[in-house]
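What Swiss-Prot annotates here:
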type	residues	note
ACT_SITE	Asp82	active site
ACT_SITE	Glu174	active site, proton acceptor
BINDING	His80, Asp142, Asp198	Zn(2+) 1 binding site
BINDING	Asp142, Glu175, His380	Zn(2+) 2 binding site
Amino acid sequence: MRVREELVSRFFRYAAIESQSNGRSQSLPSSPGQAALAALLADEMRAIGLEDVCIDAHAIVTGVKRGNRPAAPPIGFIAHLDTVDVGLSPFVRPQVLRFEGEDLCINRQEDIWLRVAEHPEILDWLGEDIIVGDGTSVLGADNKAAIAVIMTLLGRLDHEVGHGDVFVAFVPDEEIGMRGAKAMDVSRFPCDFAYTIDCCELGEVVLETFNAASCEIVFTGVSAHPMSAKGMLVNPLLMAMDFISHFDRKETPECTEGRDGFYWFKDLIANDSVASLTALIRDFDTDGFNRRKHRIAAVAEQMRSRYPTGNVRYQITDTYRNVSTSLARDERAVALLFKAMEELGIGKKVIAMRGGTDGAVLSAKGIPTPNFFTGAYNFHSRYEFLPVPAFERSLEVALKVCQLAATE
């Protein structure tokens, strides 16, 4: 099977399995479809000759493609099983359309269009095949394009390149706090360094991520009948709104870019007695990150003084750290990636990613893990699309990295 056909076939096969993560679940994995996808991948890994294939109770799959260059450093690739829940359908219906410069109708029945004026980046792919969904869901190239790249890579290593041991890991629930990567026993993934394939357009390389934390703030009010509420009722919903008002409206995701940090007040559930607010804290700079956490604490204390008959409790939990510190301690992964892209004639676009990846978790565990492109655009959107030529180039980079690692 030609490389292009295999990549597209694998992507369609993996996309057909509903694996949207569920942030309300405390289970790992948070959805049964992730376990089903993990089982399929484990079977396919065994079929193409991987050794030590293991799938555990949390749907974490690991294995190794043994090398033919014993002196080469062991390297790894990691991808996540889940697709994101942004309120769209969990069922993905991918299709391949040829882009000829006109708006693409991705769902005629629902009259959903991928419009060039709104997504001018598609103009770079004039005359090419584009994988899109049907507009009712995300496409799920984040991260099933990476799974397809890694599985195609593993099946072709012996035929195309000399290589050392190549370890692979597929983990659940990246989209809800990197739960799978955090739970993974890295003794099952004993590589010197690794790669995530979890960013967007052709040439993108991520050497920095946010520092990230989540915060749960609980406001306890005082309930009362409205006919006798004066001087007594403390409305927890209004307490939460008051809390939010203490933060700069411009320090939010929709008002920031580049290296700006932000607060994201994300979920609010309230009744007459209690309101629960979720806030996400993001900053590239460690000092700025800590200042933001201290700001949450300071505002909570102000609220306690303002509402003496109510109460405010909060808990801040670190989610992941900026990957840059770990990458600086061992530069081989980045050097090989840059060399691979240079030899393939792919211009690199180094970005500070306004998000995080499983690689941030692995890096904190001692395995430096930079991130490179799948080739897709518009992650977490119904307008997510994947140009097939960019998809192929992602595989070429992975193959070249394995080859170069064996000759270092």
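Here the Cβ of each residue, glycine as well, is placed from N, Cα and C on the backbone.
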Q: Identify, in sequence order, the residues in the chain of His80 (Zn(2+) 1 binding site) that are 6 or more apart from it along the sequence and have a CB within less than 8 Å of its CB; answer 'none' if there are none.
A: Asn143, Ala146, Phe170, Val171, Pro172, Asp173, Glu174, Glu175, Gly180, Ala181, Asp198, Asp358
Q: Would you mind checking how many other C-beta atoms are within 10 angstroms of the C-beta on Glu175 (Zn(2+) 2 binding site)?
A: 22
Q: For the recorded Zn(2+) 2 site, enumerate neighbouring residues of the same chain (Cβ within 8 Å of the Cβ centroid of Asp142, Glu175, His380, site residues themselves excluded), in sequence order.
A: Thr83, Val84, Val86, Val138, Asn143, Phe379
Q.
Other residues near the Zn(2+) 1 site, CB within 8 A of the CB centroid of His80, Asp142, Asp198?
A. Ala79, Asn143, Ala146, Glu174, Glu175, Thr196, Ile197, Thr357, Asp358, Thr374, Phe379
Q | Count of other CB atoms lying within 10 Å of the CB belonging to His380 (Zn(2+) 2 binding site) | A | 15
Q: Please state whether DSSP places Asp198 (Zn(2+) 1 binding site) in a helix, a strand or coil.
A: strand
(Q) I'd like the number of other C-beta atoms within 10 A of the C-beta of Asp198 (Zn(2+) 1 binding site), please. (A) 26
